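Have a look at the structure below, then the notes.
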Amino acid sequence: MKKTLKQEKIAVLLGGTSAEREVSLDSGQAVLNALLSAGFDAHPIDPKTFPVATLKEQGFDRVFNILHGRGGEDGTMQGLLEQIGIPYTGCGVMTSALTMDKMRTKMLWKAFGLPVAEMEIVTKANVGELNPSAVVEKLGLPVMVKPSLEGSSVGLTKVKRVEDLKSAVDFALKYDDTVLIEEWLSGAEFTVPVLDNEVLPSIRIVPEGEFYDYEAKYISDNTQYFCPSGLSAEREDELKQLVKQAYDVVGCRGWSRIDVMLDGNDAFRLVEVNTNPGMTSHSLFPKSAATVGYSFEQLVVKILELSAE
């Protein structure tokens with residue numbers, strides 16, 4: 001007899017060791033509370049202190065993975081869970097590893113003809129050859145400089161003068177060996193959740209500062225979010241189709257959230273994928289899901305159920 005989900009022992013993986021540990025602890029607590037109140041046998045498991053490889057021996061049947069960032073969202077945890085044979089929520093090994101790398105994600109989208117920002121790539125190895133004026137000639141000013149791998153907008157700089165480019169690149173290289181210099185996308189910013197292959201309503205993000213950084217994302221109360229986003233039905237539809245293509249190209253499953261921006265000509269450009277979106281009280285995925293009738297608890301249960309398919 002196969003157990004029902006309610007009979008299974010469920011590990012909520014939270015915390016971890018990445019730069020986004022605190023956010024994951026918040027998300028994990030919210031997810032845990034939702035599962036408990038829905039009648040599931042759920043337990044908090046922090047890989048920082050608990051050996052995840054022993055989950056099966058400890059009687060766990062399934063994982064709700066709400067780790068954010070490296071070690072939890074980059075394919076390593078997914079690979080470990082595949083090895084020990086425990087089903088888990090969200091994307092698999094390949095997609096998790098790929099989407100953690102902004103550069104390679106964008107290159108794949110570009111190869112499939114999907115729109116992304118123009119960019120230059122700098123590595124620790126070739127930073128000595130960086131020619132700021134040539135970069136600015138190609139991309140214009142301002143530009144956005146960011147580490148390829150770190151999540152939660154750590155290490156970002158908006159560069160407005162060619163003289164400031166080198167120091168911004170050096171700053172980003174503290175967080176990663178590969179840095180992207182991208183053309184500045186001056187239009188509105190959107191984030192679009194996908195749940196079980198259904199694209200949910202987009203959310204428009206209006207940060208208080210010039211871009212959506214760690215402060216705006218997690219600390220500031222002045223970042224504004226609009227859902228519905230204010231796009232015309234036609235443009236919302238265009239955005240939905242683009243996001244679904246982007247989701248499919250990188251091989252997402254279960255749930256993910258895709259960030260998109262408008263450029264100066266009002267054209268959509270894909271930015272990145274979050275394979276384990278935040279699930280705190282003010283997170284964006286639940287905000288959007290609420291507009292189509294999901295309570296937070298229903299959303300959490302749905303994500304868990306998708307891991308069983």
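The backbone N, Cα and C atoms fix where each Cβ goes, and this holds for glycine too.
Features reported for this protein in Swiss-Prot:
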BINDING   136-191  ATP binding site
BINDING   Asp259, Glu272  Mg(2+) 1 binding site
BINDING   Glu272, Asn274  Mg(2+) 2 binding site
DOMAIN    106-305  domain 'ATP-grasp'
| field | Neighbouring C-beta atoms (10 Å sphere around the C-beta of Leu185 (ATP binding site)) | value | 21
| message | Using the alpha carbons only, what distance in Å do you get between Val136 (ATP binding site) and Glu272 (Mg(2+) 1 binding site) once rounded? | response | 23
| message | Of Val143, Phe171, Thr178, Asn274, which is closest to Asp259 (Mg(2+) 1 binding site) if I measure between C-alpha atoms? They're all binding-site residues. | response | Asn274
| task | Go through Val136, Val143, our binding-site residues, and report the one whose Cβ sees the most other Cβ atoms within 10 Å. | result | Val143
| field | Length of the line joining the Cα atoms of Asp164 (ATP binding site) and Glu272 (Mg(2+) 1 binding site), in Å | value | 25
| query | Where does Thr157 (ATP binding site) sit in the DSSP three-state scheme? | reply | strand
| task | For the domain 'ATP-grasp' (106-305), provide the mean pLDDT of the predicted model. | result | 92
| In sequence order, which residues at least six apart in the same chain have a CB under 8 Å from the CB of Thr157 (ATP binding site)? | Met144, Val145, Lys146, Asp164, Ala168, Phe171, Ala172
| field | Residue pair Glu272 (Mg(2+) 1 binding site), Thr178 (ATP binding site) - Cα distance, angstrom, rounded | value | 16
